[in-house]
Amino acid sequence: MPQSAVKVFLRTRPSDVYSPEQLQVNQDTKTFTIVQAARSSGLPSDKAGPSQQYQFKFDGILHNASQEDVFEVCATDVLSSALEGYNSTIMCYGQTGAGKTHTMAGSRASYAARGLIPRVISALLARLGAAPGLAAWSVSVSYLEIYNEALYDLLDLTAQPQELALYEDGRGRVQVSGLRQVAVASEAEALALFFEGESNRVIGEHQLNKQSSRSHSIFMLSITTTPEGGDGRSLASKLCLVDLAGSERVSKTRSEGLVLKEAGHINRSLALLEQVVRAASERGRDHVPYRSSKLTHVLKDSLGGNCATVLIANVWGEPAQLDETLSTCRFAARMARLVCEVASNVVQEGGARVRELQREVQELKEELAMMQLMAGWQQQQQQQQQEGSNSSRERPYDDTQRQKLQQAVLAWLQLPDDADSSGSTLSQLPLSSVRQLRELLLAVKVGAAVDGKNWNACPC
Ligand code: ADP
Ligand code: MG
């Protein structure tokens with residue numbers, strides 16, 4: 001299975017008090033240096049020590065970057081791999097106010113300020129509409145929110161959180177049961193659903209969380225494409241766009257009451273996210289605690305599983321936010337060590353899959369019959385040895401029986417090759433006993449000697 005390292009980009013939020021001395025973007029636009037002045041107790045006797053320097057290398061730094069740049073750098077490859085059947089995720093991580101929602105959803109202030117989700121929707125549907133050689137495609141949209149460890153459907157506010165549950169299907173893929181998945185045929189339909197989910201998130205802000213930054217949101221696009229003239233197989237992928245809750249520490253926000261409870265959940269789920277990322281990036285580690293929180297469970301594939309993942313670490317480049325910027329960079333550097341095992345998801349068209357399963361069942365039935373036959377034969381042998389006699393079942397065939405069997409074998413050999421590939425024509429030579437199996441082999445051997453022309457085709 002091909003491996004793909006998680007790609008990590010750092011995005012700085014523009015600020016009038018951005019401090020280029022403390023937050024240095026190196027010329028390679030990949031290396032970020034944080035210079036932290038030494039802390040002093042303020043006492044005249046306490047001399048400040050030397051400042052600390054921390055250096056981080058990312059796949060790219062988006063400093064003063066436009067929304068268009070962010071889409072080009074972070075999403076175009078992801079979109080291509082989603083169309084090739086690879087699961088893909090883009091997620092934004094960082095403290096509240098650092099620009100996660102601005103990056104993911106964007107602002108409605110202007111068309112140019114739209115974020116990754118509307119841009120991905122437009123580009124995806126434009127590419128599908130213009131893609132040559134596609135017999136069919138389908139896209140469906142879901143919008144999930146995780147707030148205080150409960151799941152909410154942003155496309156269906158009537159759904160109660162207890163109605164949404166996480167489970168792993170037969171192939172180990174995490175699914176959300178009860179989550180509305182709406183099929184869309186156009187960019188306008190998909191955008192309408194995105195805006196509906198966004199306004200539901202705002203309603204939720206009043207009812208539940210004071211700021212949407214206190215919840216994690218996951219916008220999901222499920223894509224299926226079927227090539228023209230293929231064998232009925234399709235490519236299926238899931239593209240997740242994740243806006244994580246703010247990663248600031250409770251002590252800093254001096255939270256109380258409900259806000260403190262929320263912060264507790266956020267901190268816990270982000271701490272568990274860090275734990276999962278750390279465990280998944282350790283080589284040879286066989287247990288990764290994905291089920292420890294709803295967030296890590298939902299994102300299981302995106303964190304070292306079958307998924308091409310991009311992390312955008314949003315930082316607020318002001319001196320007062322240096323500690324949070326440092327902790328965001330540390331998390332991002334850990335994410336960069338994650339390697340995902342990616343594989344294109346091929347799904348078979350219903351009819352072809354049913355035929356394949358029927359063939360498998362038939363083969364298993366034949367194998368079972370053969371095992372029973374062998375077991376019976378062994379029993380018979382033991383019995384014969386005890387009785388010292390030959391049973392009638394073990395008596396060789398007479399000439400008429402042999403001739404009949406040879407004719408049946410010859411007729412089967414003359415069937416066209418392609419009819420054999422399914423194994424279905426073998427049912428014309430049913431196996432009924434070990435004696436018959438022996439006679440069948442003899443018939444093939446004798447026939448080969450008698451009629452070279454026809455029997456040369458024998459695949460034995
Ligand atoms: P977060 O989701 O991380 O809490 P937001 O995305 O809501 O933060 O950003 C906080 C404020 O800063 C918003 O008003 C947003 O429009 C503004 N903002 C964030 N990043 C940028 C940016 N790159 N350019 C312009 N404005 C930004
Ligand atoms: Mg936000």
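Just so you know, glycine gets a Cβ as well, placed from its N, Cα and C.
Look at TrEMBL and you will find 5-338 tagged as domain 'Kinesin motor'.
Within 10 Å of the C-beta atom of K100 (ATP binding site) sit 29 other C-beta atoms, taking all shown protein chains into account. Taken from TrEMBL, the feature ATP binding site applies to G94, Q95, T96, G97, A98, G99, K100, T101.
Under the heading coiled coil, TrEMBL lists 347-374.
Residues or ranges marked as region 'Disordered' by TrEMBL: 379-400.
Close to the recorded ATP site, the chain also has R13, C92, H102, S213, G246, N314, W316: residues not among G94, Q95, T96, G97, A98, G99, K100, T101 whose Cβ is within 8 Å of the site's Cβ mean position. In this structure, G94 (ATP binding site) is part of a beta strand by DSSP. Close to A98 (ATP binding site) in the fold, though at least 6 residues off in sequence, lie R13, G246, N314, V315, W316, Q321, E324, T328, each with a CB less than 8 Å from its CB. Contact annotation for binding-site residues (Q95, G97, A98, G99, K100, T101) versus ligand 2: K100, T101, each with CB under 6 Å from a ligand atom.
Only A98, G99, K100, T101, in sequence order, out of the binding-site residues Q95, A98, G99, K100, T101 have a CB under 6 Å from ligand 1.
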